[in-house]
């Protein structure tokens, strides 16, 4: 709702004189405290929007492009389908644990917020630092480049698309989606809904074609489905890693908990609806691929869905590359939507500059956080070998996800009286913690160098925490304080935004952690 539509006078907000100020001054003409128009993110995400966010972020380009990663390490159709099922089951358990955490700690920010409540600011800051520096911008840059490649590739069938053209189109995609999410939250959710429907329909088309082929008697690839299976523990671990990469994104809704309507009901319900849908679609899509393609075809393919379409869709085979591009577009939108809220919450907790916790005074969108996220992604689009950076955060990703669930167990013991609308059996978080420990250990042994680089990136946040969070503001470098104050004032003027107000209703159940 825009401010001019309200019956009460429009508040006039004064610019902050200093970057460290935590309140927003209003004129006497501003609404009273009883006014419903408070300066905070609005609850605009419905159950359907939540399902679209989770499904849309989980179903990216992975299921279209990289099923061969699982098949490569399992060496048989039967075992690969088992690994896909295990990956889905593991993701369901993790999502259920996050559903309990999200309904207990009703803050946005996902694992950052949960680690903050359980273990304090330092570890939470390191989690935020890794996401800010490598995880979010790298992931979004890769998705945007994949989108651009699939859009441009049909114009260059005999060679690779021009490097500059791909990067420029990727940058345009990131900027467009950032604008959409800056404009209105509803615009972002509508884009998400639309592109989620499109990618699901594309996968249903693949599944139907595969089932038709099965009904026509093409069952030869399943007659001895486990023949040649690799039972090596290392290979199975890498196969599971490949499957879990495609399942990543099940925690998307936990990044935006504060914007969900009735989160105690809709958060676990959206997760409960989304996870079986994605797991079933993934398994059936792989069955369709394996019905038509032999193992050699899958190994040689750069995009399994495109190879499948070339052999089955005939003159309509061009639709699948478009579907992959649309899938990337929707996945990028969900990632931008979620990661901007992570930076927003980090700023609100004092771990990032205050300007990132500002929202537009009429549109109620976190414009500075969205622009910061966009800037970081554009910087990584300039890096030529950006795809190599993804190897650095597998270790840290599973470490912090697992640590969040360890925090769930810790809070069960430390705060047994906290209201928990959803309370799981301890079996689920314990199993997830054990599996997460395994997933942390695998890259340490199989990809030691990249894992150590990832640890180094995380540890680089220690001096930043000391200088920017731990030290009292008066002892921080004067130059940095002046720069932040200037940038904050300019941001307010350009983006027409102010600091948010704390939601007392959200804060009353969970005491805010401070160091």
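Each residue, glycine too, has its Cβ placed from N, Cα and C.
Owing to the predicted nature of the structure, the values given are computational and were not obtained by experimental measurement.
Relative to the membrane, residue 73 and residue 113 are listed by Swiss-Prot as lying on separate sides. Residues 312-332 are the range that Swiss-Prot records as transmembrane segment, among 291-311, 312-332, 333-353. Within the set 5-25, 236-256, the record from Swiss-Prot flags 236-256 under the feature transmembrane segment. Per Swiss-Prot, the stretch carrying the note transmembrane segment among 267-287, 477-497 is 267-287. Contacts between the transmembrane segment (79-99) and the transmembrane segment (312-332): absent, as fewer than 3 C-beta pairs lie under 8 angstroms at sequence separation of six or more. Per-residue pLDDT, averaged along the topological domain 'Extracellular' (288-311), amounts to 86 for this model.
Residue counts for the topological domain 'Extracellular' (446-451) under DSSP, helix first, then strand, then coil, are 5 helix, 0 strand, 1 coil. Long-range contacts of the topological domain 'Extracellular' (216-235) within its own chain (CB-CB distance under 8 A, at least 6 residues past either end) are made by residues 73-79, 81, 290-292, 294, 446. By the Cβ criterion (under 8 Å, sequence separation of 6 or more), the transmembrane segment (195-215) is not in contact with the transmembrane segment (364-384), since fewer than 3 such pairs are found.
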